[in-house]
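Here is the structure we will look at.
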Amino acid sequence: MTIHKAVKRITASEIRSRKGQEPIVSLTAYQAYSARIADPYCDLLLVGDSVGMVVHGFETTLPVSLDMMILHGQAVMRGSKRALVVVDMPFGSYEESPEQAFSNASRILAETGCSAVKLEGGVYIAETIDFLCKRGIPVMSHVGLTPQAVNRFGGFKTQGRNESNWQQIEADAAAIEKAGAFAVVVEGVVEPLAVKLTQMLSIPTIGIGASSQCDGQILVMEDMLGYGTWVPKFVRRYGVLEQEMEKAIKSYADDVKSRTFPSDEEIYKLKQKSG
């Protein structure tokens, strides 16, 4: 009898213990197939509300619903075995009260099987993070450029360009650490501030457009694979998959029009009559 050894999934506490150790490798994932490919190489897969912009074509993350996040969270859990899967709580699903946040976060964990959620914000959301953590829901937070606050920021703008603005971001990071978050995404802040946050916090910082000195890095998978024409400054492209996809689709279209697809080897034929 063949015995299959179960793969142990990384936990939130294990991610927290990686502070100052080997950098944490993270990517976004929205589908089972991409999660399956990324899983052996990533410590953490984030089912980000960026799915609204990347997959569904929204201009911001604001229209993303809780049901959408659960659907994509289920897909990523089915595709992965090893990485810690964290699901974003979408705009409007946690800001009203800690009780609202717990109701929706517990639904995410129960219906997807994931092990943690991510909330944007700092000081103002610390009470909610504390409420969730004390009730058994691991929380990763997100400071700096927080996409759900796009209207308040007036767009997707780098934070901390003036040192006079650092104090609020530092206060946000300290508040979510005290509240019990196991890690924090630091997005779109100037490099010296990202380094300072990494040094002052006892929990891992996971950078995106921040600093190589963060405790880990995360990118939108489609960005680093080479989909789309606009490339943010902080993205390094490791592939050109959009061009490859277009090339393949064009070849398919040409073959269909020329009737060279399907070929004899790609169609089913009648069985030969015996006798």
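From the backbone N, Cα and C atoms, a Cβ is placed for every residue, glycine too.
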Name the residue, out of D39, D67, D88, D130, that Swiss-Prot lists for the same 3-methyl-2-oxobutanoate site as D49, S50, K118, please.
D88
Rounded to the nearest angstrom, how far is the Cα of E187 (active site, proton acceptor) from the Cα of K118 (3-methyl-2-oxobutanoate binding site)?
13
Taking Cα atoms as reference points, rank the recorded positions D49, S50, D88, E187 by distance from E120 (Mg(2+) binding site) and give the first.
D88
Using other CB atoms within 10 angstroms as the count, which residue among the binding-site residues D49, E120 scores least?
E120
How many other Cβ atoms sit within 10 Å of the Cβ of D88 (3-methyl-2-oxobutanoate binding site)?
28
